[in-house]
Amino acid sequence: MALLILVLGAAIRFTNLGSEGLWCDEGYTAFAVREPLPTLLSRLLTVDDAPPLYYLVEKAAVSFVGRSEAGLRLASALAGVLSIVVLLWSAFRFRTPVRSRPGLVDAKDPDPNDAGHADADRTNADQSRADLWSAATLAFLTTGVFHARQARSYSLLLLFAIAFVLAARSLLTGRGSRTRKGSSWVLAVSGILLCLTHNVGIVLVLVSLVLWPLGTREGTSFRRWSLLHLPALAVSAMWILGGSQLNVHSELNVWTEHYWESHSLALAPLYSMGLFVPGGIPSDDLAVGFSVPANLSRLWGGISVVCALACLASVVGGRTRAVGAHSRAVAARSHPTAVALRVELGLLLAPLVALTVVSLVVAPVYVLGRTDVLAYPAFALLMGRGLSRLPKWPAFGILLFWGGLSLLSIAPSYGYRDLGYAKGADRELAAQLGAELDSADWLVHTFMTSPSIEYYLERADVPHQTAWFPLVAGENTASDYPTPADSISSYVSQARRLRETIEAQLPETGDVWIFGLVAPTTEDDWGRVREAGVIDVGQLGYPVSVFLYQLVGMRSVPVAYAYRQDWVAGDRVVLRVPKQIWTPVDEIPDVRFEVR
């Protein structure tokens with residue numbers, strides 16, 4: 001069964017890995033790893049909000065396989081497979097009887113047939129089955145597969161989080177001396193790697209530190225527990241103190257804050273657990289792209305949630321049976337199964353609560369389907385534990401049902417576009433632009449439009465000139481910055497300078513292509529813009545409207561393309577503004593813009 005889980009999990013992750021186009025964040029990865037190493041590190045230390053490890057791993061991977069869609073996603077897919085391997089290793093680690101591996105559980109009695117050893121064997125066998133089912137859960141359910149097929153850092157983060165959680169569980173349950181030594185190393189190293197992969201990795205480390213009271217007396221002492229967490233805390237502290245870029249996270253992710261203005265942040269942990277369950281949350285409740293079935297009946301999602309609740313119920317019942325032989329309450333509470341369950345529940349709930357608190361107090365870091373992946377290892381462990389306690393055929397039925405929903409969710413990434421929303425709009429738009437762009441033409445990008453478009457134009461070897469408006473949009477091309485209305489005078493100055501720059505270089509027959517959002521509209525308004533094929537300053541979103549006004553005043557301009565960007569919200573247009581229709585500068589009056 002273990003080999004089957006591994007083979008199928010790998011096949012799900014690697015098959016047609018390059019079928020879908022890159023979206024904005026993946027395009028950013030592509031350009032980041034193209035840079036020379038000193039330039040990449042400098043960017044990460046100055047204008048990004050991410051630690052360097054993922055980009056270093058990605059840069060090493062693409063140096064061997066290239067920067068195709070599949071090449072860029074290869075490191076994530078490998079990390080996804082290694083995550084399965086880690087859980088399978090944990091399952092086999094508990095498979096050997098105690099009498100064969102006395103270091104697995106402390107054995108002071110030399111008699112290999114005593115009741116203590118027999119109980120330890122049963123406990124380890126139960127844990128082995130639970131971890132095997134957890135590996136299957138991770139292999140086939142949506143969250144693990146989705147991140148393994150994205151050129152982003154979350155699959156690597158998930159790998160280190162799984163190793164960290166397993167090590168923490170082992171140490172807190174008071175496993176034997178040999179296991180304790182190995183788990184100590186894994187906890188310390190994976191904690192460091194967590195913090196070097198993503199800046200929310202420190203959340204899991206801190207949560208683990210404060211969950212020490214959940215362990216047993218036979219577990220690790222608090223002094224040792226603290227020392228094992230210290231290296232990760234030190235690395236994170238150096239990164240925070242040494243990188244001023246971390247202080248701009250709320251600016252780089254202003255959209256996250258807007259999302260929680262219309263959703264209850266207090267319910268975020270429930271949203272996340274609904275997302276962890278295949279089909280458990282509708283796609284329109286998410287702010288970012290995720291493999292959620294687009295037209296899935298709420299009935300199937302409800303059944304999926306009921307299956308998850310059944311697994312949790314079997315966990316509670318299984319815990320009662322496992323510790324039932326212990327007559328004393330204290331002994332029952334210290335039983336490894338009870339401790340493991342407490343630790344898994346703690347490492348599921350506490351990171352989600354911590355992300356909620358940080359988002360309320362510090363900065364909006366809670367992103368459904370992204371940063372909440374810290375809690376997913378514990379979720380997989382709990383579901384695996386529950387499945388292992390159910391009768392075999394119902395357990396297989398639930399796993400197959402979840403796997404089917406997950407494959408339905410992920411099907412668009414294999415090329416089955418009619419089954420859901422597949423990434424590809426950016427790739428298609430870039431191909432259309434490439435057929436029309438002249439080498440002297442200018443593309444003026446705004447927030448989050450350039451990474452994927454420029455990636456495909458570069459691959460197609462389409463020469464052109466590039467600029468961003470406002471200027472800050474070019475500093476971190478995969479982020480959205482605030483655009484306050486009181487910055488209008490600054491935007492006007494930027495627009496005039498950009499016009500001067502382009503005007504000096506663009507031939508009279510050349511064009512400026514402007515990316516922008518349509519001003520907030522209804523679906524009917526959006527349809528009329530598409531049908532008319534023209535747009536004016538009043539219909540274009542701020543602050544790109546400021547730049548368009550500095551070119552043509554209040555005149556309407558052609559809409560070359562009306563589109564919806566892959567996994568980035570908003571109705572978007574690409575405007576083709578020939579230099580021949582520009583309004584002379586001295587004929588453009590100063591006006592007051594009303595920001596809607």
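Heads up, residue numbers simply count up from 1 along the chain you see.
Just so it is clear, glycine is given a Cβ too, placed from its N, Cα and C backbone atoms.
Automatic prediction, not curation, is the source of TrEMBL annotations.
Not measured: the values here are computed from a predicted model.
Sequence annotations record features per position, and here TrEMBL assigns compositional bias 'Basic and acidic residues' to 106-123. As annotated by TrEMBL, region 'Disordered' applies to 103-123. If you look up TrEMBL, you'll see 74-92, 132-148, 154-172, 184-214, 226-248, 260-279, 299-318, 339-367, 393-414 marked as transmembrane segment.
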Proximity verdict for the transmembrane segment (299-318) and the transmembrane segment (74-92), three or more C-beta pairs under 8 Å: no
Contacting positions for the transmembrane segment (154-172) when only residues 6+ beyond its ends and CB under 8 Å are counted: 53-54, 57, 75-77, 79-80, 82-83, 86-87, 90, 138, 144, 147-148, 179-180, 183-184, 186-187, 190-191, 193-194, 197-198, 201, 204-205, 208, 211-212, 214-216, 219-220, 225, 228, 339-340, 343-344, 347, 370, 373-374, 376-378, 380-381
Maximum Cβ pairs under 8 Å to the transmembrane segment (339-367) - stretch from the list 74-92, 132-148, 184-214, 393-414: 184-214
Tertiary contacts of the transmembrane segment (393-414), as residues 6+ beyond its ends and Cβ separation under 8 Å: 12, 15-16, 19-20, 133, 136-137, 140-142, 145-146, 149, 277-279, 291-293, 296, 300, 303-304, 307, 310-311, 387, 420-423
